[in-house]
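Quick look at what TrEMBL annotates:
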- Glu117: active site, proton donor (ACT_SITE)
- Asp258: active site (ACT_SITE)
- Glu351: active site, proton donor (ACT_SITE)
- Glu372: active site (ACT_SITE)
- Thr475: Ca(2+) binding site (BINDING)
- 518-546: compositional bias 'Basic and acidic residues' (COMPBIAS)
- 513-556: region 'Disordered' (REGION)
- 1-26: signal peptide (SIGNAL)
Amino acid sequence: GAAVLRCLGSLLCLWSLRLPAGPGAAARGLDVASYRERVRAMFYHAYEHYLESAFPYDELRPLTCDGQDTWGSFSLTLIDALDTLLILGNVSEFQRVVSVLQEGVDFDIDVNASVFETNIRVVGGLLSAHLLSRKAGVQVEAGWPCSGPLLRMAEEAARKLLPAFQTPTGMPYGTVNLLHGVNPGETPVTCTAGIGTFIVEFATLSHLTGDPVFEDVARKALKALWKNRSDIGLVGNHIDVITAKWVAQDAGIGAGVDSYFEYLVKGAILLQDKELMSMFLEYNKAIKNYTKFDDWYLWVQMYKGTVSMPVFQSLEAYWPGLQSLIGDVDNAMRTFLNYYTVWKQFGGLPEFYNIPQGYTVDKREGYPLRPELIESAMYLYRATRDPTLLELGRDAVESIEKISKVDCGFATIKDLRDHRLDNRMESFFLAETIKYLYLLFDPDNFIHNDGSDFDMVVTPYGECVLNAGGYIFNTEAHPIDPAALHCCRKRKEEQWEVEDLMQEFYSPKKTKKFTLRRPSDPGERESAKNPEDVEKAGEKRRENSKKSSHSLLSCPSQSFNSKLAVLGQVFLDNT
């Protein structure tokens with residue numbers, strides 16, 4: 001119990017906790033390895049047909065076996081699928097695609113692009129692939145992870161989005177022209193998620209490149225939404241980014257709002273930021289007070305709290321996974337089970353489901369192979385090992401293969417009532433749906449690393465730890481290694497503390513000998529050849545650092561053992 005509380009206190013929550021396996025799937029006769037291989041086969045059926053019939057277009061049209069540009073003209077499915085290749089263990093194709101993207105993707109194009117979608121799919125996908133490149137056997141530059149071709153591409157794409165943030169409120173326009181910036185006459189109305197879903201990618205960019213502009217604009221947008229919440233603590237669906245007037249005043253956890261809440265939690269964990277977490281926890285209270293009924297979440301008027309739409313939207317199914325990240329597992333499971341009953345009713349989640357009537361909503365009967373319920377199952381299975389969660393994975397594989405599979409890939413389900421299909425395969429099918437299914441059925445995947453395994457890399461700023469686990473998925477399921485954010489900054493006192501603690505942690509075990517290279521102090525270089533020297537040198541540096549006006553640690557209010565939890569392992573007081 002105390003270990004859990006300490007872990008929650010460090011904002012890294014359940015992701016780094018390992019729970020003992022329960023009776024698991026075997027008790028119910030579910031062959032996990034068999035389903036894992038079926039998911040792998042699903043990926044390659046879709047991926048190979050994209051390459052064959054649709055590349056270099058953004059997406060595959062599976063009914064006509066051709067391609068189309070949808071969110072820009074970026075070969076989007078290739079970027080979105082890149083880290084999934086590594087999670088499936090295909091390093092050779094990962095390496096090939098990295099070369100293809102470097103040669104073939106150009107952001108200097110006269111295209112109107114969604115600021116939100118370009119960020120989560122393109123910037124997020126490139127950042128994730130950049131941070132996983134070394135693990136995938138790519139020859140990385142000497143300065144990696146603080147430099148590299150994929151990082152430069154991610155930065156170039158993100159810079160194309162920056163003009164959208166030049167508004168009186170700091171809240172961005174929803175669309176930007178990649179060549180000319182914001183078009184004259186562009187609508188100033190943007191959805192809440194389109195404003196609050198940047199901190200994960202943009203803070204990562206700022207930490208890796210050293211340019212604070214990305215994190216600054218993302219934080220300003222987050223704070224503008226917070227400032228404009230209603231008196232009862234809710235935010236609406238769409239807002240005017242010039243005047244800060246709410247245009248759509250429906251408050252809920254689904255479409256138009258969803259990833260704003262997700263990024264407050266994930267931003268808090270990634271950056272060890274208590275302010276972002278406290279914002280979310282305040283919203284969480286208001287959401288429970290006004291929108292939650294019998295473990296369902298409805299839509300309400302943001303100023304009055306009166307119910308406006310008693311519907312469940314498929315996009316809301318991320319919520320149980322988010323609840324698990326803050327440790328609210330019991331409530332998460334209850335809501336997940338409600339959503340699972342809808343899946344079992346239709347063989348998928350309709351876009352809208354009328355809760356009182358227990359049926360689909362007119363013109364919202366489709367299922368475009370969304371990942372959100374599977375995503376929640378993956379998180380909750382890591383936390384509970386409840387076999388019911390594997391059963392959802394099984395049902396998803398069976399449904400998607402039976403209803404959606406066609407000769408050229410997997411098609412969006414236009415209507416869950418009669419299984420009519422639409423001629424589209426969204427890139428998120430390979431980026432998210434397949435990835436979360438595979439991770440649900442692959443408990444030993446490197447993504448689930450608990451911190452017991454890691455890499456030490458040398459950067460221009462000294463040595464740092466990578467691939468220790470605790471990955472933060474962006475809202476397109478692109479994993480970001482939180483430890484990488486600490487690799488590219490000249491924070492010497494922080495680096496010394498990390499190295500001293502690691503020396504102390506490993507020296508009693510005598511399992512590996514680490515030679516930790518420290519940067520020189522101005523005018524002198526210290527060397528420590530035994531534990532006593534290490535301790536003396538550490539004390540001297542810490543004494544010197546006390547003379548500065550403030551601590552250089554990211555979270556000075558936290559004890560250092562909590563701070564180190566970002567490296568994928570929680571060091572407890574009694575270790």
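A Cβ is built for glycine as well, from the same backbone N, Cα and C atoms used for every other residue.
Bear in mind that TrEMBL entries carry predicted annotations, made automatically and left uncurated.
Note that this is a predicted model, so its numbers are computed, not measured.
Each residue contributes its Cα atom, and for Glu372 (active site) and Thr475 (Ca(2+) binding site) those atoms are 10 Å apart. Fewest other C-beta atoms within 10 angstroms, among the active-site residues Glu117, Glu372, are seen around Glu117.
Glu351 (active site, proton donor) is 14 Å away from Asp258 (active site) when you measure Cα to Cα. Per-site Cβ counts within 10 Å over the active-site residues Asp258, Glu351 peak at Asp258.
Separation of the C-alpha atoms of Glu117 (active site, proton donor) and Glu351 (active site, proton donor): 19 Å, rounded to the nearest whole number. Thr475 (Ca(2+) binding site): 25 other CB atoms within 10 A of its CB, across all protein chains. Cα spacing between Glu351 (active site, proton donor) and Thr475 (Ca(2+) binding site): 18 Å, rounded to the nearest whole number.
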